[in-house]
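According to Swiss-Prot, the feature site 'Transition state stabilizer' maps to R17, an assignment based on sequence analysis. Residues annotated as active site, proton acceptor in Swiss-Prot, with sequence analysis given as evidence: Y22. Among the features that Swiss-Prot reports, substrate binding site is placed at N73, H79, D86, I100, S101, R110, with the record citing sequence analysis. Residues annotated as active site, proton donor in Swiss-Prot: H99.
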Amino acid sequence: MKIAVIQGPNLNMLGIREQHIYGNMSLEQIHQQLQTAAEQNGVELEFFQSNFEGEIVDRVQECLGTVDGIMINPAAYSHTSIAIKDALSAVNMPVVEVHISNIYKREEFRQKSITAAASTGVISGFGAFGYHMGLIALMQMINELKAIAQARNAQIQAQTEENK
């Protein structure tokens, strides 16, 4: 199982900026902890961070056929990017949107997430632990989709055998 972890603008400044909102862990520390949890569960992670909308769109599109799911923190682009929302919709795979802070307790302009409409689910307000929650959710969704596909294939094979 492979999951892309895509981080949006200013998340490279975690641990430095607004610690009262985002905590004191750096993005690298969050990734290290997430990597450890993934390895314990046999999951491969690919990490990506960009401050540029087009690069995030490109990375989402590159996920098609190469990963089983996406965990994304679009950061400020959550509230503005139809392009990222459209890219997430286009790849048609499990997507978990993660926000470190509770966007619903923040300024009004931060309380609407455009990208959430293309996400399977949203985790908001649990700090860095939200990424672990996202990993667990994605593993469960991906395993369920694989089980459904296997059952469907077994059913088709059984019907084919009956028709012989």
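Residue numbering: from 1, along the chain as shown.
Cβ coordinates are placed from backbone N, Cα and C, and glycine is handled just like the others.
Annotated features, which come from Swiss-Prot, shown on the structure.
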residue	record	Cβ contacts under 8 Å, 6 or more apart
R17	site 'Transition state stabilizer'	N10
Y22	active site, proton acceptor	L14, I100, S101, G127
N73	substrate binding site	I6, Q7, G8, L11, E97, V98, H99, I100
D86	substrate binding site	A118
H79, H99 as recorded positions, winner by CB count within 10 A: H99
Structural state of I100 (substrate binding site), classified by DSSP into three states: coil
DSSP three-state assignment for N73 (substrate binding site): strand
Assigned element (helix, strand, coil) containing the residue listed as 'active site, proton acceptor', judged by DSSP: helix
Cβ neighbour count (within 10 Å, all chains shown) around S101 (substrate binding site): 18
I100 (substrate binding site) CB neighbourhood, other CB atoms within 10 A: 23
